[in-house]
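Lifted from TrEMBL, the feature list:
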DOMAIN    88-180  domain 'Acyl-coenzyme A oxidase N-terminal'
DOMAIN    183-292  domain 'Acyl-CoA oxidase/dehydrogenase middle'
BINDING   THR187, GLY226  FAD binding site
DOMAIN    330-480  domain 'Acyl-CoA oxidase C-alpha1'
ACT_SITE  GLU466  active site, proton acceptor
DOMAIN    525-657  domain 'Acyl-CoA oxidase C-terminal'
Amino acid sequence: MEQAFQRTQVLTNHLLQSSSPLPSQTLSSNACLSYSPPELSENCAFDVKEMRKLIDGHNLEERDWLFGLMKQSELFNPKVKGGKVFVSPDYNQSMEQQREMTLKRIKYLQERGVFKGWLTEKGEEIEMRKFAGFEVFSIYDHSLFTKLGVHFPMWGGAIQFCGTKHHHDKWLRDTENYSIKGCFAMTELGHGSNIRSLETVTTYDSNTGEFVINTPCESAQKFWIGGAAKHATHTVVFSQLHINGINQGVHAFIVQIRDVDGNICPNIRIADCGHKIGLNGVDNGRIWFDNVRVPRENLLNSVADVSPDGKYLSSIKNPDQRFAAFMAPMTVGRVNIAIGAVYQSKVALAITIRYALTRRAFSLKPNEPEVLLLDYPSHQRRLFPLVAKTYAMSFAANYLKVLYAKRTPQSNKAIHIVSSSFKATFTWNNMQILQECREACGGQGLRTENRVGHLKGEYDVQSTFEGDNFLLMQLVCKALFAEYMAAQKRNRVFKGLGLEHMNKPCPVIPSQLTSTTLRCSQFQMDALCLRERDLLNRFVADVLKCKAKGENTEQAFNSCYELAKDLGRAFSERAIFQTFVEAESTLPAGSLKDVLGTLRSLYASICIEDVSFLRYGYLSVDNGANVRREITKLCNELRPHALALISSFGIPDAFLGPIAFNWIDTNSWSLV
């Protein structure tokens, strides 16, 4: 009993921090770790607001207004943690609950005029406003971003670009007001990327003036159709159009799939795709059509039409050119996915670096304070190259948005190629960044409330959304091959896609790379152009060799897929770097330009560190080692700017995770 009393007394003294412990047995308390906001210790050498203007590029006030709308509504699930309010979806809700909350959030935004003019106004200004909105949605929730992406740029965009005036007058305003809820029925169970081989069949009945749509086999069922399982009232159906026994290729038709009461329309069957590893706020569904009849006017006929008596009409006689013209306007899906990936990278890095500026681990010497995570060179090496990538992607995304907003028929090909390249590169980079940030946050990165880990599951699908990334890169390489062959055949210079460097003398990498050389923007551009130029020459030569052996063009491209992979990356990284240099060139001399130059050098260095520079002999082993050492130096130079660099992302605190702030108070017993 006495021993038990002594133990009780010792614990009491410890817990109450008594100044008179028992002389025979003491239990003293150590000073606990305390949270210190990084703002108290981190300096800011450049103007964060000016940097945000540069990387966001446009519509800053509208973004902040939209952030505010979301923060002030209970629909966006505000929670107080550690004395701060955070908004993020409740991913612990059931799939059905997440879907309904996504729909309610859309209605809330619609009622407050967020989507005003998105489909009924035209011009660069409205396009950039839409892009800004989607970037904000991507910061909050991938399901909100995706469901709106399906409704506006996909369903609404198909009507805008593939339809004509009577379609616009009938459908666009109701779509903008969300009284019609649209989806986009292109992908099938048996065909995703290979759109030309879709199996859904549509015929024309001249007796009634109707198109008849059928799902002839199970592999033709429309699959992964966002919005179809529960909420969509209408869809655009992509189908092979058969006229008088002749297949005229893929065309698009407007089909109502639910009535005003939400009942599925006759001769249509819809099933749920079920629970997914992420994106459960989107109701993906499967659709079958059994002799579904729609009026002749429901054919989206900007490229081709069918007369009342059943004659096929199109000014574009070549089926390949007709298909290309038909699909060209749909690139907005890839543009949106690319820019969304950039902003998710920003969220992850902002959370992870703020945590690394306050979390300590291990002492370098006895009795010394533990070291901040971001003061370890290894941690800097993990994260700062990803920050440089994200800045580079921001400038490239801004370039892509302007290219799309100012599009003309002549620029459609460039938009198609650049958006394919950037979508693949940005989404791959995003998954790399999310994984590295998850690991850099340790166990806290696994907690859903801290966002970083959960975002991996939410955004993994980006790698196959709107085209599998590997196939998109092959598409880019085919386009580069065509440009090369056209230039040679017509004996003309390269023009467009940034390939003008092919007209100049081949750059030479110095035999010994110094720090000064490695930081020179001209050397960096030369190195990236050299790789792209050489790989394009190699790719063309290998494809032609395969064709000389009797392979057709597609077989030859498939045989050269390894070179194509490297060439696609070389094209993308050179194009991204070019936008970085152009953005930097707009700045006057000063601290902002200085830190951006360091980021530019870091981005170029991690591109040059790629194994392809050694594989193809552009760098010696010694120069490869010099590049690696330079990366370490650049990371160390960016360390004082860490907080300012992520603050420039312009993401409100509420849209980050609790781990980014007072993670000790957030996890205190009082909040359990």
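For all residues, glycine too, the Cβ spot is worked out from N, Cα and C.
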Count of other CB atoms lying within 10 Å of the CB belonging to GLY226 (FAD binding site): 26
Secondary structure tally of the domain 'Acyl-CoA oxidase/dehydrogenase middle' (183-292) (DSSP, helix then strand then coil): 6 helix, 54 strand, 50 coil
Cα-to-Cα gap, GLY226 (FAD binding site) vs GLU466 (active site, proton acceptor), nearest whole Å: 12
Among THR187, GLU466, the most crowded of the recorded positions [Cβ within 10 Å]: GLU466
Cα-Cα distance linking GLU466 (active site, proton acceptor) and THR187 (FAD binding site), given in Å to the nearest integer: 10
For the domain 'Acyl-CoA oxidase C-terminal' (525-657), residues assigned helix / strand / coil by DSSP: 108 helix, 0 strand, 25 coil
Mean predicted confidence [pLDDT] for the domain 'Acyl-CoA oxidase C-alpha1' (330-480): 95
